[in-house]
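Chemist: Annotations per Swiss-Prot:
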BINDING   Ser45, Thr66, Tyr258  substrate binding site
BINDING   Asp146, Thr175, Asp232, Gly257  NAD(+) binding site
ACT_SITE  Arg208  active site
ACT_SITE  Glu237  active site
ACT_SITE  His254  active site, proton donor
Amino acid sequence: MKILVDENMPYARELFSRLGDVQAVPGRPLPRDLLAGADALMVRSVTKVNADLLSGSAVKFVGSATAGTDHVDDTWLNANGIAFSAAPGCNAIAVVEYVFSSLLMLAERDGFQLRDKTVGIVGVGNVGRRLDARLKAWGVKTLLCDPPRADRGDAGDFLPLETLVRDADILTLHTPLYLDGPYRTHHLVDASVLDAFADGRILINACRGPVVDNAALLEALQRGKKLSVILDVWEPEPELSTDLLARVDIGTAHIAGYTLEGKARGTTQVFEAWSEFIGTPQQVALSSLLPEPEYAEVTLTVPLDEALLKRLVHLVYDVRRDDALLRHVAHQEGEFDRLRKHYQERREWSSLHVICADADSADCLNALGFTASVRGAR
C-alpha cells in the first residue's frame with residue numbers, strides 16, 4: 001500500500017512505514033500528480049481535502065493529524081466512500097499552555113495578577129475545558145460560553161456571549177469554525193462585539209482566524225480601541241494583515257498547538273485509526289517516541305507564587321520568541337508557512353519535573369500540568 005504523509009508530521013514515516021510504502025509530500029500546495037497510486041493520505045490543517053484534490057484518485061482513507069477538521073470536506077469523502085479520521089484533542093494541551101504563557105507575559109508586563117482577572121472562555125471543547133480546569137487550579141474565576149453544549153443540556157454553567165463580553169476581563173476563543181447554521185462562529189467577534197468589549201480588556205484568538213473579523217478588529221484598534229490582543233490565527237492565512245500584526249500585543253504563526261507532544265499525538269492517533277481501517281490494529285506509546293527535553297528537572301526552594309510560575313512556564317515555552325519571529329518575517333512572501341514548517345522544537349509543561357519544597361506547591365503544579373513532587377518524597 002502507498003501512503004502519502006505530510007512532510008511535517010513528526011514520526012509519520014517511522015510509524016506508517018510499518019504498514020506500507022511511505023512518501024512524504026508537501027502540505028501546501030499538494031500537487032495532484034503525487035496522488036497517483038496512493039491508497040491513503042495523511043494531512044495537516046494546511047491541506048484542503050475536497051473533490052478538487054481527490055476526485056479520480058484511488059485514495060480510500062484520509063487521516064488529518066489535527067483537532068479541527070474545517071479543512072476537510074468530510075461530506076464529500078463520505079459520499080465517495082473514503083474513510084476519514086482526525087485527531088480530536090491532540091493539541092489541546094499545547095493551546096492551553098500557549099494561552100497561559102501569553103497571559104503570564106501580559107501580567108508581568110502590565111503589572112497585574114492573573115488570579116485577579118475573570119476569564120471568559122468561548123467554546124468548551126477539548127481546549128476550552130482544559131483551559132478552564134487549569135485556570136481554576138490557579139484560582140482564576142472563569143465564565144463559560146458554549147451554545148451547542150448548553151442546548152444539549154451538558155453539565156456546566158453556560159452563559160450567553162453577551163455576558164462574557166460584559167463581565168470578563170479576558171475573552172479567549174476556542175470554537176470550531178462554522179460558516180453558517182444556528183451555531184455560526186464565522187465573525188463571532190465582529191464590530192458590534194468589539195464595540196461592547198470595554199477598553200482595558202484582553203482578546204485572545206487561538207482557534208480559527210475567521211472567528212474574529214480581522215478587518216473590524218484592525219479598524220477598532222486604528223480608531224483607538226484600548227485592547228490587548230493575542231492572535232495566533234489570522235484572516236486569511238497565510239497572507240495575514242501586517243497592519244493588524246503591528247497593532248496586536250502578541251502575534252504568532254498559527255503555532256499554538258505545535259508542541260512536540262501535540263504533533264506526536266496527532267500522528268499516532270491517525271496511525272492507529274489507519275491500522276484499524278486495514279485490519280491490523282496497533283497502539284503506540286507516546287513516551288516511546290519523545291526525546292529527552294532540554295530542561296528535564298528543576299528544584300524550588302520557596303513556595304510557588306505567580307512570578308515563580310511565570311519563570312517555570314517560560315523555562316519550557318516563552319511565547320515572545322514566536323512573536324518576534326513572525327514580526328521579523330511577516331512582510332516576506334511564504335515566510336508564514338516557512339515558520340510553521342521549520343518550527344523550533346517545543347515541549348509541554350509535563351516534560352519538566354519540578355521538585356518542590358512543599359506539598360501545596362507540588363499539588364498546584366501537578367494540577368497545572370507539570371510533573372511535580374516534594375523533595376525527599378520522590
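Every residue, even glycine, has its Cβ placed from backbone N, Cα and C.
Quick one: where do these features end up spatially?
Modeler: Under a cutoff of 8 A between CB atoms, and with a sequence separation of 6+ in the same chain, the neighbours of Thr66 (substrate binding site) are Val43, Arg44, Ser45, Ala86, Ala87, Cys90, Asn91, Gly266.
Cβ neighbours of Thr175 (NAD(+) binding site) (same chain, under 8 Å, six or more residues apart in sequence): Val122, Gly123, Gly125, Thr185, Leu188, Cys207, Arg208, Val211. A coil conformation is recorded for Thr175 (NAD(+) binding site) in the three-state DSSP classification, outside any helix or strand.
Around Arg208 (active site), a 10 Å sphere centred on its CB holds 25 further CB atoms from the protein chains shown.
Contacts of Glu237 (active site) defined by a Cβ separation under 8 A and a same-chain sequence distance of 6+ are given as Gly209, His254, Phe336, in order along the sequence.
Packing around His254 (active site, proton donor) is summarised by its Cβ count: 23 other Cβ atoms lie within 10 angstroms of its Cβ, all protein chains included.
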Chemist: For Asp232 (NAD(+) binding site), which residues of its chain lie six or more apart in sequence with Cβ-Cβ distance below 8 Å?
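Modeler: Result: Tyr98, Asn205, Ala206, Gly251, Thr252, Ala253, His254, Ile255, Ala256.
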Chemist: Measure between the Cα atoms of every pair in Ser45, Thr66, Tyr258, the residues the record assigns to substrate, and report the largest value in Å, rounded to a whole number.
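Modeler: If we measure all Cα pairs in Ser45, Thr66, Tyr258, the largest is 12 Å.
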